[in-house]
Every structure is written in structure tokens, then in C-alpha cells.
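Here the structure is laid out as C-alpha cells; the discussion comes afterwards.
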Amino acid sequence: MNVLLGLCFLLAAGLYRAPLPADPALPDTGIVWVYFTDKGIRTEAELDAAAAALELAAPTEVRERRRREARPGYDHDDLPVREEYIRTVERLGLRRRAVSRWLNAASFRVPPGIATHLHRLPFVHSIRPVGRETRLVADEAVPLPGEPRGHGLDQRPGPEPTGQTLDAPGPRIPDISALAVDSATAHRFYGPSFDQAMMMGVPDLFYAGWYGTGVRLAIFDTGLRLDNVAVRNLRISAQRDLLSGDNFRSASAGSGWRPTPAERLRFFGLVKDPAVVKTADGDLLVFCADSFNYAADWPRRAIFASTNPDRGATWSEPEVVVLSVSARQDPFNTFENLRLADAGFACYLAYGEVAYSPSAGIAGTAWLRYRQDGNWRPDAVRLGPGRRPELCLRDSTLSVAWVENDSVVAFRSGPVSENRPLPTWSVSSTAALPEALDRLALAAHSGGVLVVASGLRSGRLYALRSTNLGASWDAAQAITVAAPTGFRLVARGPEVVLLVKDVSTPPHTRLTALRSSDLGANWSSPVAITDNTLTIGGITAAWPGERIELIYESAGLLHRTGSADGGLSFGPSTPVDTLDYTHQPALTPDGGLAVWHTRGDDKAVWEPADTARFFATQPDHGTRMASIIAGYSPSGIVGVAPGVELLVARTELHRTRRGHDYEYQMEEDTYIEALEWAEARGADIVSTSLGYRGWYTDAQMDGRTAPISVAATLAARRGMVVVTAMGNRDTTRYPFSRPYIVAPADAEDVVSAGGVQRDGSFWRGTGTGPTADGRCKPELVALSDTVAVARPDTVTGLEGSAGTSCATALIAGAFALLKEAHPEWSAESLKAVMFETATGSVPGCTFGFGIPRVDEAFRRHPPSRSVRPLPASRLGVFPNPYIAGEHERVWFRLELARPVSRAAIRIYSASGTLVDSLSLNAELLGRPGRYSKTAELEQIGAWWDGTNSNGRPVASGLYLAVLQTTFDRSVGRFAVVR
């Protein structure tokens, strides 16, 4: 009865969702979402504590944005997915692709027919296919009217923006109607992009000094190429490439644990279980990954190896050690639990091979191989049936243990030498434990052997000991830990330290350590290693001498700590890698080198190395959309919001077919990852032209069926304005009278973008509503026919582009202008005003509320008095006063009405004496707008250390800083206090 009441409470509170029955009609796609029942939260108090912890850790701008919404703060959907659920699913041999906090789900690559096994797991709520879409577009780039295709237009300079002078007293909100510019002047300045901007009333705002400055806009697309002058100086504050597979990084003690990319170990598919060891000829890394990354069919899995002679600075090209059988021979075959041990004369590798077939189910085999004289030997040793092998080498004796079946541990041990590197097993035994087992750890010393095992369902830890080299085993003893979910064992002689992830105080997780000085016969009480945190992922450790080195992952970040007293206490943690998508750290046994991988990387701008994995046209679509939003090339193309900060995520894979058509491959889990990434980085607006239909029917376009639509709704309710394309219809399959929507345009609370022609009539390729549940779509429309864009493969060329993706970019840029004028507004307020002031009188399912008129929005709702436009350049100074000894630098905030080719700051004393001159990096000042973040000001060179040109500290007093640019001058006053 108590259990039933507790379950009812969890259901009512939204903390638990009951498992759904298996769907026999589930499409066999090879990639599925696995939804989980809960996140380990049992009470409202635990939820409140977890939400408070999330809010405390969030960046200031993200907290402030969320507090403006109808449901402020953090909730159950923001909590991390339970790592033990994911690990249990992976134990079936599935390969993790992505994890979504908002959906409480993870996507996996799965073999056919395994859904039945997944549904048997008690924490699995449901299974759904990951939406995958292949979109063909023919002749996407078209010539602009009156111009030959790809012709570079004349880049004549436009007129100087006019407006408020530098010395006008105090901020003044300009009368937009009084600043309406001559259309001929604006037409010359905007060039071919005039029509698309003028339809939304943008030029008036540009000349009044509104550029979208200070607004963060995320664009999900194919990436960017920055060759064209219109996009060369885009203000990109963050990048994320979600298509580049898994990429290795490393750090060594000798380098101060500074992360270094492994340039030859990039772009792998779904890396798993890396292991690394120091050998006589350098460090050796092994890992399991797909034999190729992008493919429509199943790739073969392989175990790869790479070496380096200099502690991670230079890795060799990866070689294949073991290759799985062909996917045609076996529906599913992979490797797991790679373990290394080096003997000096040879290096040993133990691993498990996992095969699955609908008829036989899941079967595992444990294997042993070795490497000698720099080469892997072909004579592999089959240890026997089972999984999760562990390896230990002590005193020229090689020991291996693995889970032979559910609850039985198999053990082998034998001598190895340089002349006889293959072991001859002198000991072979088995031991039974009281429940099915998950994973093992192995240690040996002076005839004693210790196996630590974890229960598959309970998570309980057991110590299995032998005092006669493993010939026989004492009865298994439970190790007292409140709620373990994962562990790692390190040993030095008879001393062992067990590192445990403990979830005994939900919703928090912490690392604890238990110490034994007699090879597991007796254990100390747990000692806390970390403070409580919401999630801890992979852990790796080494005990080479006096100090235990420990590296662990938490929320995608890597941290390092250690113990100098044998595990009795641990020091404070320090960050190793602050990219928040790091995975599976591995540490050499000598503790000197750590290796891990990232899923994707932080480079979405085209690089020469990208030709190795992408078509040359990969970044073209994203570049075109970015030029619509934020391009700046007077008389060529001027974007709607040229001062906006971009968060760029590469989410669409682009291919060419037959030399003429373009093919875009998109997958839902990649998009959802990008949404959560952008939200965590403070995005105010999202612009995405991605669209999915796949196997979704018209009846399922209801905003609640497609996972991508659910995620888009959750993003919108967290304070982001999500602008997404309605999709481009094939009028032969979907005649205009029939509704046509692609997910996530069917989602609630998003702004779906439809298309019109220059005369305001509908564009015949546009998607239209209503949704399956009767809601009008689109919300807004914009130009979708021959929109002026930068031609990506030229320096100055322009071309035309067609589609609702163009309308999406235009509308997103318009929202950026309104957000700049009203930074305190919520996303709902921004949308309400944009809908209210659009051209439509009554919303409908073809035009929505009409074309946005952002100038009308400014007239009806004047900008906030705390925000100033930028009709002229300004210089600000902070901190003011500058107090020597308390402040390290003086920073100069720059506000530019237009880009500059030359810029310098001269500092004068109150008497007019020149104190110092600062040359600014004008290449970074290629956008109008505000430059106020210390990171970008440091790159620009807009800072001063309080010394004169001879390097001597200046005296206390009043000083003037004069900004001199190509076009104007501005003065800032500040004081120095010593």
C-alpha cells in the first residue's frame, strides 16, 4: 500500500511517468530515443533543492532570462538524466548518441529487434524513433534580378549614419518617425538586400542606431564560411559542431594539465571505453569506435590504437587492432571494456565482444591480445564466454577476470615473459555471487587476489577475495556503501582505495573513497572526495607512488583532484577541461597523462581540414542565412541585425548529388542537443531552418508527437524566441490547398516562418497550416523568393536564395532588433508585440499575423530608457575610478556606429600631456555595435595597465581617453587613484 501511495504521489507531482506498453509498429530505424521514467527525485523538497542548485550554477544572463518568463527558474525537466540508466542501456550493447535533459531521454544506435529487451528494463518509459530527414533542393542558389549569377556587386561605401551627436546630454530615445530615411539613400546603402529589409521596416532603425547589439542569436545550420566580406567579421561568441563525431583531447602533468587536441584522432563515430598506458616506446591509447562516421548503413565497429612519444603532444595515425564482422553477417557486433596492462616486453589488451541477433539475443565473449616490438600480434586468446573483462599484471603474472554469466565471475592467471608473452594459465577458477553482476575491478598482490563486483540491479558492491592466487575464493562480502552507482579501484601493493559514486542523498551525487590496507579484507568508512553535485559521469584514477591521481567528469566538465595520504583525504578539485561535452576520461597508470574525447567540437566555422569529412559546399547554406541576419557589406548586403552576437551550431549534413541537387541530412537528436547547448549559453533567439517529417503523418503534426517539437516548446518556455521554418512544399505532392508543416514548426510557443513574394502575396512553395490540432500556422511571414545573400565561395559576390529558411532568418533578425530595444522583456512579450504590429489584421493559416513591421513595434512601444541607440561612436571606461593595486586594468568600452578600418586610443593627463597610445585591432571591429566584454576587449587591445609609454606607473589624477576611428572621435573621462 505504501509503495502504491508513493507511486501515486510521484505521478501526481510529475516526478514519474509509468512505462508504456511496447509499440509493435515502431519503425526499425537503427536509431531510437529511449525515454526514462524518472530522474531519481522522490519528493518536492528534493526537486526544489535540485532546481536551486541548477539556478546557482547557471550564468547570470541565463538566470535573468528565465526569471522573466511565466514559469521562472528551473524545474524537473532541467535536471540531468540518470547516468546509471544510460549505462544499463549501454550494457545491452547499444551505443549512446545524445542525451536530452528536457526530454529525460537518450538516443542510441540499436540493432533490429532489441526493443523487447529495452522494454523489460523497469526505468524505460517508452521508445521512439529518432527523426531523420533527407531533404533534396534543386538549384537553391539563384541569380539576383538583373545580375549574372555569382557576379560580385560593386561595394561602394554607403552614407554615414546620422543622429545623436557625441556630446548630446544624456540618453535620448529618438523619434523613429522623424528619422525615416530617404528611400534612395537607403536603397544605395542596402543594395540588393533593400527589399527584404524594407518589407519589415528595418532601414529606419538602422539609421537610428539599432543593430541588434547585445542580443545573442543562435543559428542551427550547416556551419559558416567566412571568406565573403559580408560575413568576414561576424560577431561569433560560441561555436558547436555536432556533426564531427568524437574527437580526442589529452593533458599531461608535464604541461600543467593543459588540454591539447589530438589532431590525428578526430571525427570518429561513437567512441567507447578508451584506455591508455605508458609503454617503453611511448603512451599507447586504445578505443572502440565506428570504422567510419557518416553512413546510411551500419558501420563496422573496430578497436583502434594510437601511440605518442611525447606525453600526448603528437599522436600517430590510428591503426585497426580488431575489426568486427560485417553488418551483413551479423546484425549487431561491438566491443566493450577495453583494458591495458604493460609488462615492458609486451603490452596486453583485454576486451569484450558483444553480438546480438533477434534469434539468439545478446552474447558476449572475452578476449586477450598483446602488442610486442611495436606490432599487434595476430594470435588472439579467447578467454571464454562472458563480458566485462578486467586485467591485472603483478610480478610477471597476468590475471584476467570477467563476468562469465549473470552471477558468476571467471578468473585466469598465469606467468608471462619476454620469451613467452602468451600466458600459460596456471590458475583457472570461478566464483558465484548472490545476484546478477554489472561490472568488475581486479587487484592482486603477493598471492592475494581481490575482485570487486557491482550488482546489476541493486548496485550493491561485493568484495571477492582469494589468498591462493585465485585457485579458490572466500565467500563474497558486501561492502558498506549507502547507494553506489559506479566505482573505480586503485591499488598499491596490499593497499587499495575504492572510489564510489554515491547517490544516497537525492538529488545529489558525490564521490567517496573507501580504503583497505589488507587487499579488501577490511574497509574504512567512506570519505567524501567531492561536494554534492547533480551528476558525475566517468571517473579514472591512478596510484603510481605517494599520490592518488583522480579525474572525473561532471556535467560535461573534467575535474582533477588527488590524495597524498593514501585515500584518507582528497584536495580541492580543479578544472581540466571546461568544454561541457567531454566524455570518458582515461588516465595512465603512472598518473602522468589523461585522455578523453568530446562529442563534436567547438568549431563550426569552415577550416581547411574540413575537406577531409565534408563536401566543399557544406557551409554554404549556413553562410547564406548568417548573411541575411548579420551580414555587413554596404551597397552589397546589409543584414537585419548586423551587430548581433551569434551562437553557431553545425547541425545539418550537406551533400551534393549528381552535381546539381543538394541533399541535407538532419537528425532530431542533433537538433535537440543544439537547443540545450544554446539555452545554456544565454541565447535570446534561435533561428533554424531544420525541418522533419520522415514517418510523421499530417495527423501527428500536433506539436506533441515529434520529440523535436516537444523540445522546441520547452526551449520557448525557457525564454528563447524560437524561430523555425514552415518548410518548403513539393507542390506536386502537397498542393497548396493542403496544409504542410514540418516539425518543429508545429510546436506550441515557437514562431513558425512562412514565405511571401516581394509584392506580399504568398510564395507558392511555403508551408501553411493549420496544425493537426487546429492551431493557425505560420505565425509570421517574410520574403522567401530571391532573397539577397552572400555567395559563400567568393569574396564580394552575392546571389539569390529561395525558401522559408530565408524568411526564418529575416524574422529572427527582426526579433533581435526588438530585443535590443527591450532587453528586460520576456520572450512572450517580444512575440506579442511583434504579432500585434505585423501587417495582418486577422491571423490566418497562410500569412499568420503577417509580415513583421519592427519599425511599427518601435513606434508603439518606444525603447526602454535604459538602452541607448548608437547613431554615433562612443567610448566608455571601467572601472572608474581605476584603483591601483585593486584593479588590474582599465577597460575601454567601445560603441561603434559603423565598422572602422583604423582605430586607436590616446590617453592624456588633465593638463593635456600624452601619456600613452594604444593601437586597436581594427580587424575585430568590423561590425557596428557595442564591444563591452573583457574577453573581446582584450583581443581588440582596448585596455590600459596604468603606466605611461615608458612603462612607469602614472600618478593619481583625472585622465582623458580619446578614441580616434576612421570616421569620428569620442572622449571618455576617468580617474586614477594610488
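Note that Cβ sites are derived from N, Cα and C of the backbone, with glycine treated the same way.
Residues or ranges marked as active site, charge relay system by TrEMBL: ASP502 (among others). ASP502 (active site, charge relay system) carries a strand DSSP state (E or B).
Residues or ranges marked as active site, charge relay system by TrEMBL: HIS621 (among others).
DSSP gives SER805 (active site, charge relay system) a helix state. Annotation source TrEMBL lists active site, charge relay system at SER805 (among others).
What TrEMBL lists as domain 'Peptidase S8/S53' is 600-850. Along the domain 'Peptidase S8/S53' (600-850), the predicted structure has mean pLDDT 91.
Per TrEMBL, the feature region 'Disordered' maps to 142-168.
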Taking the Cα atoms as reference points, how far is SER805 (active site, charge relay system) from HIS621 (active site, charge relay system) in Å?
9
List the residues of the same chain that sit at least 6 positions away from ASP502 (active site, charge relay system) in sequence and have their Cβ under 8 Å from its Cβ, in sequence order, or write 'none'.
VAL481, ALA482, ALA483, PRO484, THR485, THR509, ARG510, LEU511, THR512, PRO526
Among HIS621, SER805, the active-site residues in question, whose Cβ has the most other Cβ atoms within 10 Å in this structure?
SER805
